[in-house]
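Asker: Following this message is one structure expressed as structure tokens.
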Amino acid sequence: MVKLAVAGAKGRMGSLIANLALQESDFKLVGVTEKPDSEFIGSEFSRGVKFYSSLREFEERPDVLIDFTTPNATLKNIEDAKTLGVSLVIGTTGFSEEEKRIIEEASKVIPIVFSPNMSLGVNILFKIVGEVTRALKDKGYDVEIFEIHHRFKKDAPSGTAVRLAEIVAENLGKNLEDVAVYGRKGLVGERKPDEIGILSSRMGDVVGDHTVFFGTLGERLELTHRATSRETFARGALIAAKWVFDKKPGLYTMFDVLEI
Ligand SMILES: NC(=O)C1=CN([C@@H]2O[C@H](COP(=O)(O)OP(=O)(O)OC[C@H]3O[C@@H](n4cnc5c(N)ncnc54)[C@H](OP(=O)(O)O)[C@@H]3O)[C@@H](O)[C@H]2O)C=CC1
Ligand SMILES: O=C(O)C1=N[C@H](C(=O)O)C[C@H](O)C1
């Protein structure tokens with residue numbers, strides 16, 4: 001049985017993950033967290049499980065912490081997880097390059113699964129996009145990435161769109177920041193052949209749509225993933241928690257977890 005902690009348990013993802021974990025006999029939910037100034041600290045989440053302000057306050061040490069919060073909160077949790085020897089599943093997005101390096105450093109001490117998207121479908125999309133990019137390289141195809149999310153999302157572009165753009169750039173032998181174009185406005189001139197366009201929309205309750213376009217003169221190929229329920233991410237995070245708890249320190253992705 002995996003002793004589990006869930007960060008940000010009042011949030012859209014945190015609450016779903018914690019509630020699903022309570023229904024699974026493979027997990028014992030030993031506590032959940034919210035912001036230190038939250039009115040819920042000290043109160044009951046469900047079935048005797050308490051809200052804590054940090055991992056350090058837990059009465060029972062968890063094996064794994066699942067974190068879908070904000071970059072600042074995740075960085076704090078990483079420090080506590082390193083001190084206490086707790087494995088991590090990080091689904092939070094919106095990290096700077098410097099913050100990603102901190103996660104990489106921490107993975108020398110504890111095992112970390114870090115993925116901007118825990119759904120099987122998107123991880124298959126990551127694979128396919130790499131393959132298609134290699135197949136169409138130097139054949140005159142423009143690559144553009146579109147993403148749509150709900151109006152409450154704080155970071156843009158989505159972590160998934162950034163990862164898709166990185167995969168395209170890696171497979172074209174480019175450095176993403178040299179070729180990325182984040183939206184367009186004004187007299188921007190003709191599209192350069194090696195640009196990777198990344199466009200974000202926010203509306204209503206869209207759970208998460210991602211499309212990678214490969215367009216040339218006379219045709220375009222569109223690879224789309226649409227999430228219709230957050231359960232797909234939450235179930236992926238729980239699979240990752242079961243997988244990571246007895247692993248050696250290292251930085252892992254859902255490719256490792258799902259063996260794809
Ligand atoms: N990898 C994946 O598959 C997926 C990743 N995500 C990512 O997960 C993150 C969270 O998304 P979502 O659940 O929609 O966001 P929410 O805003 O609904 O949830 C985040 C929760 O974390 C809480 N929080 C903030 N600071 C702390 C802290 N210091 N300690 C504990 N809790 C804290 C927030 O509290 P408060 O509201 O009071 O600030 C909130 O309850 C985003 O980065 C999102 O992009 C989302 C879906 C799938
Ligand atoms: O904030 C969200 O909701 C989501 N965020 C992730 C991202 O930024 O890629 C994954 C998913 O699309 C939902």
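The first residue you see is number 1, and the count goes up from there.
Just so it is clear, glycine is given a Cβ too, placed from its N, Cα and C backbone atoms.
Per TrEMBL, domain 'Dihydrodipicolinate reductase N-terminal' is recorded for 2-118. Positions annotated as NAD(+) binding site by TrEMBL: Gly8, Ala9, Lys10, Gly11, Arg12, Met13, Glu34, Gly91, Thr92, Thr93, Ser115, Pro116, Asn117, Met118. What TrEMBL records for Lys35 is NADP(+) binding site. TrEMBL lists 121-258 with the feature domain 'Dihydrodipicolinate reductase C-terminal'. Look at TrEMBL and you will find His149 tagged as active site, proton donor/acceptor. Summarising the annotation, TrEMBL assigns (S)-2,3,4,5-tetrahydrodipicolinate binding site to His150, Gly159, Thr160. The active site, proton donor annotation in TrEMBL covers Lys153.
Just tell me what is around each of these and how deep it sits.
Answerer: The helix, strand and coil residue counts that DSSP assigns across the domain 'Dihydrodipicolinate reductase N-terminal' (2-118) are 38 helix, 32 strand, 47 coil.
If you take the C-beta of Thr92 (NAD(+) binding site) and look for same-chain residues 6 or more apart in sequence within under 8 angstroms, you find Asp67, Phe68, Thr69, Thr70, Pro71, Ala73, Thr74.
For Lys35 (NADP(+) binding site), other Cβ atoms within 10 Å of its Cβ number 16.
Regional average pLDDT for the domain 'Dihydrodipicolinate reductase C-terminal' (121-258) in the model is 98.
Look at His149 (active site, proton donor/acceptor): DSSP puts it in a strand. The Cβ neighbour count for His149 (active site, proton donor/acceptor), using a 10 Å radius and every protein chain shown, is 25.
Gly159 ((S)-2,3,4,5-tetrahydrodipicolinate binding site) falls within a helix when secondary structure is assigned with DSSP.
Other C-beta atoms found within 10 angstroms of the C-beta of Lys153 (active site, proton donor) number 17, with every protein chain shown included.
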Asker: Taking ligand 2 as the reference, state which of the binding-site residues Arg12, Asn117, Gly159, Thr160 have a Cβ closer than 6 Å to one of its atoms.
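Answerer: Those binding-site residues that pass the cut-off, since their Cβ is under 6 Å from ligand 2, are Asn117, Gly159, Thr160.
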Asker: Across the domain 'Dihydrodipicolinate reductase C-terminal' (121-258), what are the DSSP residue counts per state (helix, strand, coil)?
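Answerer: Here the numbers are 53 helix, 38 strand, 47 coil.
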Asker: If you count Cβ atoms within 10 Å of each one, which of the binding-site residues Gly8, Gly159 comes out on top?
Answerer: Gly8
Asker: Express the distance between the Cα positions of Lys153 (active site, proton donor) and Arg12 (NAD(+) binding site) as a whole number of Å.
Answerer: 11
